[in-house]
Each structure stands twice: as C-alpha cells, then as structure tokens.
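J.: Below is a structure I'd like to ask you about.
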C-alpha cells in the first residue's frame, strides 16, 4: 500500500473505539496488528529475550515496563528490524516480516534522544521520510506541516534541532515518525531525557496524539508511572520474559507475581500465614490474588501490601509507633514500626500529617484488597 | 484541535535589583585577574613568536633596503619565478591535502567502526599522533634511505626485480617527491582532526533513516555526508595550510633549486649570489600569511558549523 492510498486523517470514532481507555482492545485471532512469537535473543552470556510472546490489537498502545536489562528495548528493536532475533517470528498485520530489513518494515520510531538530523530544520526532518517515499514536494510540505501542528510545534517549523528544547525535539521526532503513517509506532524511552514537568506534559500529548491517529504503538519505558498513565495494556518484563500483561489497573491492583507487585508501585513485605485462599497479615485476613500462592502452599509467607491499602488511626493503645513521614503533596507516606520490628508504610492524606508526629501511637488496619505472597 | 506549545520557563525579571557593592566588584575583578595570570605565558609566547614576527614581515614587505617605504617588493611577487613558486606550493599543498584527506578519512572511518576502546583504535591513533609530527630532516632521511637513489628498496627493486624507480628522472627531489613525502604526514594528521567528527555521528541517525525507509546509500547521501562535509572540507583546509607552511622537510630533501615558496624565501634571505633581497623574502612571507589566513578563516567557519551539528 502506498502512502497516498492511506489517508492521513482517520475517523475519530473508529480511533476511539480502537484505542480509548473505555474499551481496552484485546487482540483476537483475526484482529492482531503485531505478533511477536517466541522471540529469543542472547547477547554473550545474557539472555535478553527468552521466548517472548506478545500480541497487540490494532490501535492499541502497549507499554513494556521493566528494570534495565530486562529485554524491553531489545524486543522493540527486534520489532523495528534494528536487531535480529536468534529465533522466533515477527508478524505485522498477519504478514511475517522477520526477515525484512528495517527500512522495509513501515514502522515509525522515536528514540530516547538526539535522533533528529541536526542539519535539517524541524519541517525538513518531518519531510525526510516522505521524501524517501517520493511524495511530491508540495504534498510533503503540507503533510509535514500538519504533523507539526498535530504535535503542537507548527510555529517552530523553521528551527534547527539545536534551537529547540529537549521536549520540542521529541515532539518533532514524534511528528517525523507519524508523518510516514507507519503501521506501528515504536517509542523507545522517548521521555527519559526530559525534565519532570515536560515529561508529564509530553506523556499526555503522546497519548492524545496516539488516540487521534490510532496507530498501534509499542512504548518502552522504565518509568512505571509513565507506563500506567499512557498504556491500554502494560507488559512487565523480567529477564527477557513477560511477567504480566494487562490493563494498568489490573497490573497495579492484582499483580500476578511478587516481582510485579514489587516493581510496579511500592509494597510492604509483611509476614503472614496462608490458609486456603486467604492470608492473615497483622490480624487481618486478606484475599489472595488467584494463583498467587501456587507453589508456596500453606504456612508462613511474606505478603506484599500496597501503602494505600494500609489505614492508620491515632490510638493511644495502638501497637504501632510513627517513625517518620514523607510529604508527597496531596498524600504523604508514613513509616510505622511494629513491636516485632516489622516496618509498615502507609499512604495517608497529607491533611492528617499534623496528627502523626514521630512517636505517635497508631492502630493499623489493612483493607481487604487481593495481595500476592512470596515464600518467607 | 488543541495545540500545546512548550515554552521554556522565563526567568523572573528583578526590576529592583540592589546595586552591587564596590567590595564585591573588586573581589570579582581580583578573581578574574588571578584566573588570567595562568595564561600570561601563553600570550607572551604568542606576542614574541607570532605577533612581532608577523609585524616585522608586514612592515619589511613595504620597506626598501635603506628603510624607505616602497611597493617594489610586492610588485616583485608578480615575477615569473615567484608566481611559479606560489603555483607549485599551492599545487603541492592542494594535492597532498586532498590525497591525505581521502585516505585519512577512510582510515578514520575504519577506526570508528572498530571497538571504541579496542587495541586497534588506541594503537592507530597513537601512531597517527606521532607520525603527524614526523616531518623535517628525519622524514626526508627516511625516504632517502628507503626510496632514494641508493635506498634499499630502490636497490632491491632494481637488482632483484629489474624495476628502476628513477627511469623517468630523479623525481624524489622535485615536486612529485615532495608530494609523496608530504602525504606521509598528511594522512595521520587527517585521522587526528577528522576522527572527532566521525565520532560525533550518532547511531540513532542511521537507525532513524532506516526506520523511515532509507537505505544505507540514502543514509550516507542525505544524512552522514551533509553532516560530515563541513568537517571534511575544514580538515582538508587544515591539511592544505599544514603543507603550505611546511619548510624543513622540503629544505632537507631539495638541495638544488627552490621549487616552492618557503625555499624561495630561504634563498632570498640567505643567498650569497644575489644580495639585499631580505625584504622580498618578507613580501613572499606576507603572501603566505595572507593565503594561510584565508584558509584558516574558512577552516574556523566550517569548524563552527560542524561543532553545532556534531558537538
């Protein structure tokens, strides 16, 4: 399919249906845009990808999240064709592209930083891919301008990369990647080189634009907040494998493994005892995430409990003592020491902080949200 | 459509700034003065060995032997043998600069594709650092000993293979020989000055080109070559200036005649046959200063552009 045959602007309603949060797209056998099938890749002694399987629905944005070296960038680069897999297949739109070189894969890519061509203006950068596709000059200019408008930087079209801030450069890089109307958009930690404020602003912009154009997108990041904020589904990777793949709320609230619970968000490791499908922690019976205790059975475990699932009440007879508090804006984190030296971190409204001075006796109550456990 | 333009936060303007106390100004001045103290020897060196000689040359070029102002020396620059010397100097510099730039760039590229901390790269860059400075009598002797009339390679080729390097004339001691010998130090100099530019080429640019549908050739033609062109041209100009101002190698190699300007200046200053040509020598030196100044200005301009892109 040539560039001209695919219109730039897509039907907003269909885009929303494909990529909106209200209807999380889940791939069915006949609606798979991208299929990574059994990918393996080894670098020396490191297994970067270990039988990785991933399916993306059309218009879906999946964020691959994980610590450094977990294989998320390798997965993205294999999909882009910039890296070869040792084994496994890459299918896009049902077509096997495993052997296709990167320049014939029809993918737009935004890199971490410094990927704009420094000798070209913002407009010329965006036109670059269209030029390679032999789009006529006037049409090229018009589409590049429209892309720059889309990413909110149309007024900076004549500026060179060194005349743009980091956030502006990444906007241009996004426009350049989208201008060729790729089948898949690949974002390789595009926000990691930016300062916090611009990062949040651009993160939201990327999501808005992705929904607007409806391009199937793979977003690689090590920032869990970023992944949870933008993705339809989040894939948490560890040692080349997907530990869990699901909607952000599911990954956060019902982590399938202790690693996911530990990596995504903050967790208390509290001693408990498993009995059936519940675990008793600090005197409260908490439901287990289905399958969380498989392989562990009954008995002593560590339960991973979110700070926001811990309630504190000032009580002179309470067993806990406040150790310290960290102000985080609307909420604060309060560290509480128990008599058996267990440390419990609770997330409370900052308005309560004046009552929770260090040394204050408190009573701890756990909300009955499902938790995962690991062997003690 | 809602567009969100990112505007860097503007610094607040303090309209009621307190005046800086005199003591603070004095302290700041003292600090600046102390910092400058360290570079005084450098500036003294520049003044004594560059500025003053240049002024002596410039003033002398406009003076007669008895100290009167004259344009005769500059007019003499139009004499046939001096024009020929300038033409030969420029030809020698241009040819060795172009050959050195091409071969040096290829070698530098080979180094860039090698491991950044690998032994090959360390070895070659160290060798280039030494060889780029390996000019003068030592270099001339090395070539005379190897491919001179009685050099061991010359004799080996003649005795063992029947190849006479000098069947067409004694070229080593004329312009072709100078070209060969100059190229010897031009190539390593090119490696040293061009390597940083090649290092500045980011792998993301190639990957971005590929992901946008470009081939390797399109990457080189539309990205790498336009980016490297100013650095390549600038380095070539530097090589030109290097060859144009070289003296010792040519002086050691060429004992008969003065085919290039530096040797003509030597003749004008030391000739025992034609006396009183010192100021003509200064006029020729001024001509060289002008040529080198133009070349270095172009080099600086291109470097500025390159550093913006590849810095």
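All residue numbers here begin at 1 and follow the chain in the order shown.
Every residue gets a Cβ built from N, Cα and C, even glycine.
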J.: Of B:227-254, B:255-282, which range does TrEMBL call transmembrane segment?
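T.: When B:227-254, B:255-282 are checked in TrEMBL, transmembrane segment belongs to B:227-254.
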J.: Have a look at B:67-88, B:177-198 and point to the one annotated transmembrane segment in TrEMBL.
T.: B:177-198
J.: Name the range, of those listed as B:36-62, B:124-157, B:227-254, B:283-302, that has the largest tally of Cβ pairs under 8 Å with the transmembrane segment (B:90-112).
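T.: Stretch with maximum Cβ contacts: B:227-254.
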J.: Counting Cβ pairs under 8 Å to the transmembrane segment (B:124-157), which of B:36-62, B:227-254, B:283-302 comes out on top?
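T.: Highest pair count goes to B:227-254.
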